[in-house]
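Visitor: Following this message is one structure expressed as structure tokens.
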Amino acid sequence: MAKLNRLHFWLLVALNIVFLLVGQAAAVILGRFYYEKGGNSKWMATVVQTAAFPLLFIPYLFISSPQTHSEASNRPSIITVSVVYLVIGVLVAGDNMLYSIGLLYLSASTYSLICATQLVFSAVISYFLNHQKFTALIMNSVVVLSLSASLLAVNEDSDKPPGVTKSKYVIGFLVTLAASAMYALLLSLMQLSFQKVLKKETFSVVLEMQIYTAIVATAVSTVGLFASGEWKTLHGEMGSFTAGKLAYVMTLVWTAIAWQICSVGVVGLVFVVSSLFSNVISTLSLAITPIASVIILHDTLNGVKAIAMLMAIWGFCTYIYQNYVDDLKASKAPSAVDDTPNESRSC
């Protein structure tokens with residue numbers, strides 16, 4: 001049973017990694033494609049990041065597990081859960097808006113590499129909120145990944161989309177940096193909610209978190225779309241989209257789907273492992289995104305980018321190995337792990 005449990009754990013980790021990597025890379029590329037072909041609505045770009053939440057009801061119906069009597073008795077009040085979903089949902093909407101502004105003023109590769117700083121923010125926030133421990137391997141992973149992002153950021157310093165001034169480029173840089181910090185805070189708040197409020201170890205809880213916070217975020221973003229008046233320009237924006245009206249619609253639809261696939265992976269990794277681990281995999285995705293940019297958006301892949309990507313993979317493998325070592329220790333001392341499940345994992 002212990003071997004089956006470990007196999008089940010690593011299968012869940014692998015599945016969520018695939019969701020996160022594929023979903024995030026596709027979403028960033030499509031988001032940049034939307035702006036490059038004539039899209040200009042920041043609120044629309046924000047709405048599509050959570051608008052596809054109904055798709056999550058499909059796995060929810062199949063994965064949901066029945067509650068035991070103990071789980072039902074320990075279930076928090078509806079008011080408490082609603083407040084948690086409302087606060088996180090509003091923060092998600094604000095974070096998505098910041099990312100939309102950043103992607104408008106930055107190239108896909110520069111945007112992705114600045115987002116990699118979320119790992120540093122997550123390391124600090126997780127230390128205080130989630131009591132995560134650090135080892136030499138984890139510190140090596142954080143340092144290497146940060147250096148990788150810094151190296152690419154320096155290389156991409158002058159890479160601005162057409163029509164973007166230096167001041168707008170700086171705004172995009174700072175806004176994306178702020179969005180990365182807020183994103184790290186969101187992941188830690190989600191993990192804290194699972195540990196202290198929801199207190200249930202089922203994947204259906206992860207989906208519920210994603211669904212209800214996405215509903216709140218979509219509602220807030222939709223209100224912003226209409227309150228700002230940007231909805232009036234959408235028809236003209238569709239008509240002037242250089243790739244065509246059908247491409248305009250499909251870009252928004254597939255961007256929405258890709259973000260939801262990514263979100264399942266993110267929240268799943270927070271639940272199965274930790275927020276810092278989820279950030280490490282997100283950072284790996286940000287290293288993969290420039291490769292996708294080369295293939296799809298025809299960006300240039302030079303030697304600096306290649307070296308930085310190898311460094312990112314090195315940092316990723318280091319972190320994976322640390323979790324593998326932790327898993328071996330947990331299998332040899334199951335009773336100790338059961339007594340302190342949250343504090344014993346090095347993240």
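Cβ coordinates are placed from backbone N, Cα and C, and glycine is handled just like the others.
As listed in TrEMBL for this protein:
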TRANSMEM  43-63  transmembrane segment
TRANSMEM  111-129  transmembrane segment
TRANSMEM  136-154  transmembrane segment
TRANSMEM  169-190  transmembrane segment
TRANSMEM  211-228  transmembrane segment
TRANSMEM  248-273  transmembrane segment
TRANSMEM  280-297  transmembrane segment
TRANSMEM  303-321  transmembrane segment
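Show me how these features fit into the shown structure, please.
Guide: Long-range contacts of the transmembrane segment (169-190) within its own chain (CB-CB distance under 8 A, at least 6 residues past either end) are made by residues 87-88, 91-92, 94-95, 98-99, 101-106, 111, 114-119, 121-122, 125-126, 129-130, 160, 209, 266-267, 270, 275, 278-279.
Note on the transmembrane segment (211-228): residues 41, 43-44, 46-47, 49-51, 53, 56-57, 60, 85-86, 88-90, 92-93, 96-97, 260, 263 of its chain, located 6 or more positions outside it, place their CB under 8 angstroms from a CB of the stretch.
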